[in-house]
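Asks: Sharing the features that TrEMBL gives for it:
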- 170-237: domain 'BTB' (DOMAIN)
- 1-51: repeat 'RCC1' (REPEAT)
- 52-103: repeat 'RCC1' (REPEAT)
């Protein structure tokens, strides 16, 4: 639930009027949706739901609401409806600019842009919302160093990333689902305790040039190996479940946390119970609690999905018992 109070001259509290509010007042227009994140600009507000929907309200002199016009909005209105799921929003108290990042990593910005007004969300070349405010906000704001000059040399991290799956320099291949992935044994030993143990002189794997993998799919295992080179993961939530299984098996706790983060950002009504089951299966307590809360917040919709009716008996009983304690069935 969202509450607002304080100055409201531009309707930035979302209460349906522009009168100041001395005490917290619930934003009635957001009743029935679960808000995960709020971002406040100079005189406008953005809100992100747990389903990746984006709402905006308040001042709109520079198009900072992204509604396609410059009219203030006294109540929340949904924007970016035609875009994919939004996973992150940003605004700055000193600027009339807004930014959002989608599930695939695309960054959009709108509002005041170097003296111009951008009234619709505009796709940028940035990888994070922070860079929007470093380059376009007035004054420019950034919490880290930002270089705008092109550098013609590669860092150690960039060099490693470039050599992943390179047949020219690799000394080992993994065969998964009939496809090869070229890697460097030394890198795997440095980055992963599982491989450090595997490539001992008394293990058969240390003498092989090709290692067969049959317990994980190609996208999942490739993502894991690429993570060892890049320290990042790019997978849809459904494949991230398989990677969570691998991370659990290989005792890669940091990778396990990254998988949980991906799954959280990709949760929907349709896959919520499947993700909850996976969280229980792989002993991911934080993810389990997140999925449980999502299911309770959207109880009517998720109980109509195929995944709900495919849940095994014990897990279903445990969910119903826990949900009842939270007051999910009080009506």
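Residue numbering: from 1, along the chain as shown.
Glycine too: its Cβ is placed from the backbone N, Cα and C atoms.
Caution: TrEMBL annotation is automatic and unverified by curators.
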Asks: Go ahead and report the DSSP secondary structure tallies for the repeat 'RCC1' (52-103): helix first, then strand, then coil.
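Replies: Across the repeat 'RCC1' (52-103), the residues distribute as 0 helix, 24 strand, 28 coil.
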Asks: Helix, strand, coil residue numbers for the repeat 'RCC1' (1-51) per DSSP?
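Replies: Summed over the repeat 'RCC1' (1-51), the classes give 3 helix, 22 strand, 26 coil.
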Asks: Pull the DSSP breakdown for the domain 'BTB' (170-237) and write it out as helix, strand, coil residue counts.
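Replies: Its residues fall into 31 helix, 14 strand, 23 coil.
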